[in-house]
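S.K.: As listed in Swiss-Prot for this protein:
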TRANSMEM  19-39  transmembrane segment
TRANSMEM  53-73  transmembrane segment
TRANSMEM  76-96  transmembrane segment
TRANSMEM  101-121  transmembrane segment
TRANSMEM  126-146  transmembrane segment
TRANSMEM  183-203  transmembrane segment
TRANSMEM  248-268  transmembrane segment
Amino acid sequence: MSNLQTRIITAIVLGTITLWLTWVGGVGFTLFSIAIGLAMFYEWTELSATRQTAFSRLFGWAWLIVTGILLILDRGALLTIGFLVAGCAILLVTQWKSGRGWPAAGLFYAGFSALSLSLLRGDEPFGFTTIVFLFAVVWSTDIAAYFNGRALGGPKLAPRFSPNKTWSGAIGGAAAAVAGGLLVASLVAAPGGWGVPVLALLLSIVSQIGDLAESWVKRQFGAKDSGRLLPGHGGVLDRVDGLVAAAALLYLFGAIFAEPDVPSAIFFSF
């Protein structure tokens, strides 16, 4: 079986599970988001092992688990974010000499990713539509960038740390993301105008930046993949890097322009 076939099969299985949990919502999706965050943190600590100490690992795991519990108990977005930021600050101060910010960055990256996904799904009637919109934008970006880049080739996007990505792939991915976002919006009769395509484009760009940033991190520690959990995709970070970056941006937009506890309302506020 070729790597492409393995990659497609893994994507189909993961996509099916993800969409089902998205449909179910509630605690099930919150637990799913927390599981993603925990897997991300595990891979981050393994990648940056030379910058970790026993304290940073133990503290990070404990703080991340409590952050997850706050999400499950629905204690409020601002309280949960404040708790997460406090933990990151403690790690930053106490572990700066040995970690140079890597332990704190890993905790925030994993924790805020789980928080963003969980709160975006949140309550009905907006949550399901918003998460599907996010998935449509990010998955359209990934698929179109991959095949467009392979078909057209051309100048490299970031050859120093991601030699396979091209400008043609990035542009094709962004165009597909706008189309995917508009399709979801049209199916749910979301408001028209410029808001949806602009948001889809921004999310696509940030998704690709998230992908490149994760590639940069791996290069810093001489790793090709973040892990081996997902056949054809490497690790969890390799699969969700773009998704969680876009989710974080979408959550921030929702928290600022709608409500921190119901960020999905941004999707219907254009």
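Each residue, glycine too, has its Cβ placed from N, Cα and C.
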S.K.: Counting Cβ pairs under 8 Å that are 6 or more apart in sequence, does the total for the transmembrane segment (19-39) and the transmembrane segment (101-121) reach three or more?
M.R.: yes
S.K.: Would you mind listing the long-range same-chain contacts of the transmembrane segment (248-268), meaning Cβ under 8 Å and 6+ residues beyond its ends?
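M.R.: Sequence-remote neighbours of the transmembrane segment (248-268) are 76-78, 81, 112-113, 115-116, 119-123, 126-127, 129-131, 133-134, 190-191, 199, 202-203, 206.
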S.K.: How about long-range neighbours of the transmembrane segment (101-121): same chain, 6 or more residues beyond its ends, C-beta under 8 Å?
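M.R.: Residues 22, 25, 29-30, 32-34, 36-38, 40-41, 44-45, 48, 51-53, 56-57, 60, 63-64, 67-68, 71, 77, 80-81, 84-85, 87-89, 91-92, 95, 127-128, 130-131, 134, 240, 244, 247-248, 250-251, 254, 260-261, 263-264 contact the transmembrane segment (101-121) from elsewhere in the chain.
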